[in-house]
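Colleague: Okay, these came from Swiss-Prot:
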- T231, G232, E233, E285, S385: L-serine binding site (BINDING)
- R262, S263, E264, E349, I350, S351, S352: ATP binding site (BINDING)
Amino acid sequence: MLDPKILRQNLEHVVEKLRRRGFEMDSDTFLQLENKRKEAQLAIQSFQTKRNQLSKTIGMAKSKGENPELLMAEVSQLNDELKQEEANFETIQKAFSDFQLAIPNLPHDSVPDGKSENDNREIRQWGAPPGFDFTPKDHTVLGERDNQLDFEAAAKLSGARFVVLRGSLARAHRALAQFMLDLHTDQHGYEEVYVPYLVHEECLYGTGQLPKFREEQFQVAGDRNFFLVPTGEVPLVNLARDEIIEAPALPKKWVAQTPCFRSEAGSYGKDVRGMIRQHQFQKVELVQLVQPENSYQALEEITRQAEKVLQLLALPYRVVELCAGDLGFAAAKTYDLEVWLPSQNKYREISSCSNCEDFQARRIQARWRNPKTGKPELLHTLNGSGLAVGRTLVAVMENYQQADGHIRVPDALKSYMGGVDYF
C-alpha cells in the first residue's frame, strides 16, 4: 500500500510513476473520496465540539440548580447525529482503503521503462550453454524412462498441470530442495522456518496478492476463510504482521521450503506440457526484513544468493532487470534469474528477486524501532526464489542429459544422491 501522505501531497507525481508501469490511476475518484473524507472529518469534529460545549453548559446549569432537560435532549440528538456521521466516515474510509489496495507499488527510479518482458534488460550472463553431439531431449521425454515423470497418473488424481515423480527423479527433486536449504542456512545466514500452507485472507492482502489476483488463488471451501499459499513469501512476510523489531535484531533473514498453489488463470495455452507451469510446485523462498536505507543493498545480496544455487549446480543462466511494465504488483524493483533450457534453446525464469520497499510493511504494519528517534517506522521487505525446485530439476535434466537418456548428477548434488554419478 502506498503512503497516503504521498498520494495527498504529490498526486500528479504518483500518477506519472504508476503510468510507467501501465497503471492508470483514477485521480478524479481519489480526489472525490479525499474531499468526502475531509468533509466527514470536519462534520464529526463539529458535532464533538458542540456536544462538549453543551456538556459544559449542562454542568453549569446543574450547579445553578436549573433544569437541564432541554439541553440534555439536545445532547442526545447530537449523539445520534454524531453516530450517523461516524458511520458515514467509516463507509468513506472503507471505500478509500479499497481504492488504495488496488494501486500497485511505485517503480524505483532505476527501473527501465517498458511495457512487457520483451523490454526487460539483461544485466549479466553466467556459464555457457552445453554443447551436445546429439539432439537434446525435452525433460518430458527424458522422464519417460521407467515412467519416472508421470503426467497421466497425476491427471487421474488431480487433472492437468500436476505431476507424479517416481524413483530417481523424486529423489533428485528432494535432494535439490535439501541442497538449497543447506546452502542458504549454512552459508547465507538464513534461519529456516516451517510455516503453514493454509493462510487467512488477510495474509494475501498483506503481501499484495489480494484483491487484484483473487482468481489466481486456491481458496478452501467452507467457512474458515483459508487459502492455499501461492508462495512461501506470504506466510514468511506475514510473520512480521503487527510486530515492532528492535534495530539490533535486523536484518531478519528467513528461508522456507513450501508447496506453492496457483490456478494459472491467466496462462491458458502456455507451457501446457511438462513441469514449467503447474498448479502445485515446491519452492525454496528467501525473505529479508531490513532497515529502509539497506534495502537495495539487500536486493543485490538476495539475488546473488539465488544465483549461487545455479552456479554450484553449474547451470547456465542470465540475470534480467524487469522493466516497469513487467513488475509484480508489490515490487518496486525486480531481478529475474533465467536458466538455460537446451530443448527450448532459450532462457526460462527460475527465480524472481524483489524489493517491495515499505509497500507490504504498510499493509501488515511491520515496523522496526529507530534508535535515533525511539519511534517505530516501517520496515522494507524483500523476497526471492532460491529456487523453484521443479524448474531446477528440469534444468538439471536437460543440461546434464546423456545420449542414452540418463542424467549425470551435478557434483554439488552427489552427496544428496547417495554418491551416484547418473540417474
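Every residue, even glycine, has its Cβ placed from backbone N, Cα and C.
Worth saying up front: this structure is predicted, and the values here are computed from it rather than measured.
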Colleague: In sequence order, which residues at least six apart in the same chain have a CB under 8 Å from the CB of T231 (L-serine binding site)?
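Modeller: T231 (L-serine binding site) has long-range Cβ partners T258, C260, K283, E285, N383.
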Colleague: Among the binding-site residues G232, E233, S385, report those whose Cα falls within 10 Å of that of S351 (ATP binding site); none is a fine answer.
Modeller: S385
Colleague: CB neighbours of S351 (ATP binding site) within 10 A?
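Modeller: Counting Cβ neighbours of S351 (ATP binding site) within 10 Å gives 28.
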Colleague: Cα-Cα separation of E349 (ATP binding site) and S385 (L-serine binding site), in Å?
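Modeller: It is 10 Å, counting Cα to Cα.
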Colleague: Using C-alpha atoms only, work out the spacing between I350 (ATP binding site) and E233 (L-serine binding site) and round it to an integer in Å.
Modeller: 16
Colleague: Out of G232, E233, S385, point to the one nearest S352 (ATP binding site) in space (Cα versus Cα); all of them are binding-site residues in the record.
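Modeller: The smallest Cα gap between S352 (ATP binding site) and any of the binding-site residues is with S385.
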Colleague: Can you grab the distance from S263 (ATP binding site) over to G232 (L-serine binding site)? Cα atoms, rounded to a whole Å.
Modeller: 16
Colleague: Residues with Cβ closer than 8 Å to the Cβ of E233 (L-serine binding site), same chain and 6+ apart in sequence?
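Modeller: Non-local contacts for E233 (L-serine binding site): T207, E285, V287, N383.
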Colleague: With every protein chain in view, what's the tally of Cβ atoms within 10 Å of the Cβ of E285 (L-serine binding site), excluding that atom itself?
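Modeller: Excluding its own Cβ, the number within 10 Å is 27.
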Colleague: Comparing the binding-site residues S263, S352, S385, which residue's C-beta has the most other C-beta atoms within 10 angstroms in this structure?
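Modeller: The most densely surrounded of these binding-site residues is S385.
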Colleague: So which other residues, same chain and not among T231, G232, E233, E285, S385, have a Cβ within 8 Å of the centroid of the Cβ atoms at the L-serine site?
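Modeller: Once T231, G232, E233, E285, S385 are set aside, the remaining close residues are V234, L236, A256, T258, C260, K283, V284, L286, V287, N383, G384.
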Colleague: Looking only at Cβ atoms, how many others are within 10 Å of the one on I350 (ATP binding site)?
Modeller: 26
